[in-house]
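What follows is a short report on a single structure.
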């Protein structure tokens with residue numbers, strides 16, 4: 001029993017490093033994120049293999065069945081602040097393990113439903129909430145384990161959803177033909193329970209930099225130096241003295257007249273200065289303790305922080321995610337029907353999704369390799385890929401043959417992989433929000449993004465119904481991607497303007513402090529004090545000869 005308790009403590013105890021490890025336990029976290037991608041976004045993308053069966057068994061239309069995925073994606077993204085709140089309060093491990101349990105439970109109960117309304121609850125709400133509690137904490141802690149290799153590792157690990165399209169989609173389709181769609185969903189739900197094991201691998205990380213070498217308080221040179229300063233503070237040179245240290249006759253006569261009174265005054269001044277030094281030494285530790293308490297209270301992370309909405313660069317980036325999401329899901333839903341409407345057989349049209357998935361893997365890996373190079377402004381690379389997506393989506397509507405549609409699918413998959421693998425990790429860059437506020441920003445960002453995930457597929461379906469042309473859905477995706485690229489281009493100027501205003505404000509504050517210090521009355525100069533002494537009535541009397 002004791003061994004089991006110690007093993008559990010070892011699994012939950014944080015990993016402490018002096019700096020970001022860029023490896024170590026982070027590789028296990030990356031492997032966990034890969035399987036989380038397979039059983040979250042990957043299952044959402046391959047859910048289309050069940051659409052025809054659901055329409056037949058429940059006697060429902062295509063649009064009503066498609067709302068299952070729309071509700072699931074919306075709940076997954078809209079509840080992102082809840083995921084952030086629970087992760088900051090309870091840690092990443094229990095939250096992800098709870099999410100894995102909800103995903104498995106929601107998928108298995110979906111196989112037991114008797115109506116599409118019940119499926120809205122089981123797959124849309126229960127499983128969607130599990131997807132949220134699983135995906136965001138995993139990607140957040142993965143970014144904390146890597147710094148230099150962050151872009152490359154996240155790109156490789158995020159290929160899990162593409163692996164699901166390439167491998168799981170045909171395997172589950174063949175299994176469905178053998179055992180039926182309900183039993184197939186049960187098999188998928190059991191496989192998704194492995195996310196609980198992945199959540200157990202997400203050990204928290206603590207970075208404790210090595211303390212810098214500080215000068216000891218008991219230096220052997222400190223006491224003689226302080227005594228020397230004390231003697232120079234007490235023994236003040238009069239205006240009648242010269243650089244050689246030989247006093248003039250006037251100053252000698254004055255010193256003789258003062259006699260014993262001067263010696264008593266010097267000893268009193270020494271005692272007063274020593275008392276002042278003791279008081280200062282007692283005040284310094286108290287001030288340091290208060291400063292440490294203030295720093296700890298400031299550095300304590302909030303459970304849910306919406307202050308990122310006051311950052312202009314984050315607002316521009318969130319609007320980019322809102323509009324760009326319109327082009328994430330609709331093309332994959334309608335590319336097969338678009339190909340069939342252009343004269344391609346349905347069997348051949350299914351290859352569009354496979355080609356899109358393979359190209360997406362290459363895009364994610366290429367984006368990771370490019371962003372891992374130094375020096376490079378990563379947000380500009382993301383902007384270029386987003387802008388290129390717009391003409392590719394438009395070209396879809398002009399192509400009428402198999403190989404043309406296949407080429408567009410490959411280009412779209414490649415560019416989609418570059419954007420999808422980097423738009424969330426880009427929040428950790430200083431151009432957007434920074435790694436310190438990443439955990440709070442990602443929840444707010446995905447929550448804003450959720451509205452586009454909910455409205456994207458129904459908007460495409462509405463345009464298709466009104467125009468009787470599947471190409472109109474691609475036009476709406478291209479328009480959304482173009483507006484998103486516009487806001488993405490404003491992120492860097494907004495950040496630069498904010499930093500410039502902060503510098504000007506700090507400079508004004510510094511100038512104001514320096515001017516106020518210049519106006520303060522400082523201690524009297526030694527020369528002025530000696531001049532006042534020499535001009536005193538006692539010293540103006542001539543010395544008897």
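Cβ coordinates are placed from backbone N, Cα and C, and glycine is handled just like the others.
Feature annotations, reproduced from TrEMBL:
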{"type": "TRANSMEM", "residues": "24-44", "note": "transmembrane segment"}
{"type": "DOMAIN", "residues": "26-496", "note": "domain 'Major facilitator superfamily (MFS) profile'"}
{"type": "TRANSMEM", "residues": "65-86", "note": "transmembrane segment"}
{"type": "TRANSMEM", "residues": "92-113", "note": "transmembrane segment"}
{"type": "TRANSMEM", "residues": "120-146", "note": "transmembrane segment"}
{"type": "TRANSMEM", "residues": "179-202", "note": "transmembrane segment"}
{"type": "REGION", "residues": "253-274", "note": "region 'Disordered'"}
{"type": "TRANSMEM", "residues": "316-336", "note": "transmembrane segment"}
{"type": "TRANSMEM", "residues": "348-367", "note": "transmembrane segment"}
{"type": "TRANSMEM", "residues": "379-399", "note": "transmembrane segment"}
{"type": "TRANSMEM", "residues": "411-428", "note": "transmembrane segment"}
{"type": "TRANSMEM", "residues": "440-460", "note": "transmembrane segment"}
{"type": "TRANSMEM", "residues": "472-494", "note": "transmembrane segment"}
{"type": "REGION", "residues": "501-545", "note": "region 'Disordered'"}
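Within the chain, the transmembrane segment (92-113) has long-range Cβ neighbours (under 8 A, six or more residues past its boundaries) at 11-12, 36, 39-40, 43, 83, 86, 119, 122-123, 125-135, 137-138, 140-141, 181-186, 188-190, 192-196, 198-200, 202-204.
Simply put, out of 348-367, 379-399, 472-494, 472-494 has the most Cβ pairs sitting under 8 Å from the transmembrane segment (440-460). Remote same-chain partners of the transmembrane segment (379-399), defined as residues 6 or more beyond its termini with a Cβ less than 8 Å from a stretch Cβ, comprise 320, 324, 327, 331, 335, 338, 342, 367, 370-371, 405, 407-408, 411-412, 415-416, 418-419, 422-423, 426, 429, 431-432, 471, 474-475, 477-478, 481-482, 484-485, 488-489, 491-492.
Highlighted: of the candidate stretches 179-202, 316-336, 348-367, 316-336 has the greatest count of Cβ pairs under 8 Å to the transmembrane segment (472-494). Beyond the transmembrane segment (316-336), the same-chain residues lying 6 or more positions past its ends with a Cβ under 8 Å from any Cβ of the stretch are 45, 48, 66, 69, 73, 346, 349-350, 352-353, 356, 386, 389, 393, 396, 405, 409, 412, 416, 419-420, 423, 426-427, 432-433, 444-446, 448-449, 451-453, 455-457, 459-460, 464, 470, 473-474, 476-481, 483-485, 487-488, 490-491, 494. Counting residues 6+ beyond its ends, the transmembrane segment (411-428) has Cβ neighbours under 8 Å at 139, 143, 150-151, 154-155, 158, 162, 317, 320-321, 324, 328, 331, 355-368, 371, 378-379, 381-382, 385-386, 388-389, 392-393, 396, 434-435, 438, 441-442, 445-446 in the same chain. If you average pLDDT over the domain 'Major facilitator superfamily (MFS) profile' (26-496) in this model, you get 78. Long-range Cβ contacts of the transmembrane segment (120-146) within its own chain (Cβ-Cβ under 8 Å, at least 6 residues beyond either end) map to 20-26, 29-30, 32-33, 36-37, 40-41, 44, 67-68, 71-77, 79-80, 82-84, 86-87, 92, 95-96, 98-107, 109-110, 113, 153-154, 157, 195, 198-199, 202, 204-205, 424-425, 428, 435, 438-439, 442-443, 446. With a threshold of 8 Å between CB atoms, the same-chain residues lying at least 6 positions outside the transmembrane segment (348-367) that come near it are 151, 155-156, 158-159, 162-163, 165-166, 169, 332, 335-336, 339-340, 381, 385, 402, 405-406, 409-418, 420-422.
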